[in-house]
Amino acid sequence: MKYKIFASTTPQTEPVLNKLRAVLKTWQAVENGYEYVFVLGGDGFFVSTLANYNCDSCKVVGINTGHIGFYTSFNGDDLDENFISKLTSFEFKKINLLEVKTKNHSFLVLNELAVYTNTAYPINIFIDDNHWESYRGSGLLIGPRTGSTALAKSAKGAVIFPNVDVVQIIELNPLLHPNQITIQSPIILPMQTKVEFRIKKAFKAEQFPNFYADGIKLDLKNEDTSISFQLVLSRSMFHASLKTKDFIDKLKSTFIKQS
């Protein structure tokens, strides 16, 4: 088998990386034409590595060396003499990513696209070409199911379980007064839904909102802007447990503390 490794540079990753290389000693490390991609790190590294790294039909394996591991199926303790046989017996599936399109660019999002504005700049939201609302506030989040345990959760969005492929929109600190009232609650939309944000050119460039795709700032000019969103199937295949119990266990170990 041919493989490629992406590893974070944290101290705790290095021994796991060495262990993985030893386990894969009968496989061939290559730069192109690989069948497996191994990503070593936490969820943040996984997202930054693979959100726009979408190789055709390669199998992506996450190995957690960080604190949170919603995108990873293994940790260093799993890298034993049985690892390869377990790995080749697992089912890998394509997942839904959020495709983001602007006038000149198209890219994929695993967690969320975040819009921030410090001037409560108006953003018109359209759902399947129907005007939903004119939002004013601190910003907006939009993302697929996979992002519901990331920034969306911190913003009081819904935690969405596996096998529920939807798009979620969350308002951040909406501006409210008698003539400006928005939905305020998170919106959950079916996977086929097309969403569009329309923003007019600002009088001053510094008033124009800032846009971040999985934490990376986008270079969007101060001009009339339309950004569209829709779920698309990844080209890569991923292994992550879709069992309810496994997801509940991760949620409880990460977020829920009770005596």
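Going from the start of the chain as shown, residues are counted 1 onward.
Placement of Cβ uses the backbone N, Cα and C atoms for every residue, glycine included.
Positions annotated as active site, proton acceptor by Swiss-Prot: ASP43. The NAD(+) binding site feature in Swiss-Prot is assigned to ASP43, GLY44, ASN111, GLU112, ARG136; the stated evidence is sequence analysis.
Here the recorded positions are ASP43, GLU112, and the one with the most other Cβ atoms within 10 Å of its Cβ is GLU112. Between ARG136 (NAD(+) binding site) and the residue listed as 'active site, proton acceptor', the C-alpha separation comes to 31 Å. Between the two most distant C-alpha atoms of the annotated NAD(+) binders (ASP43, GLY44, ASN111, GLU112, ARG136) there are 31 Å. Within 10 Å of the C-beta of GLY44 (NAD(+) binding site) there are 17 other C-beta atoms, taking all protein chains into account.
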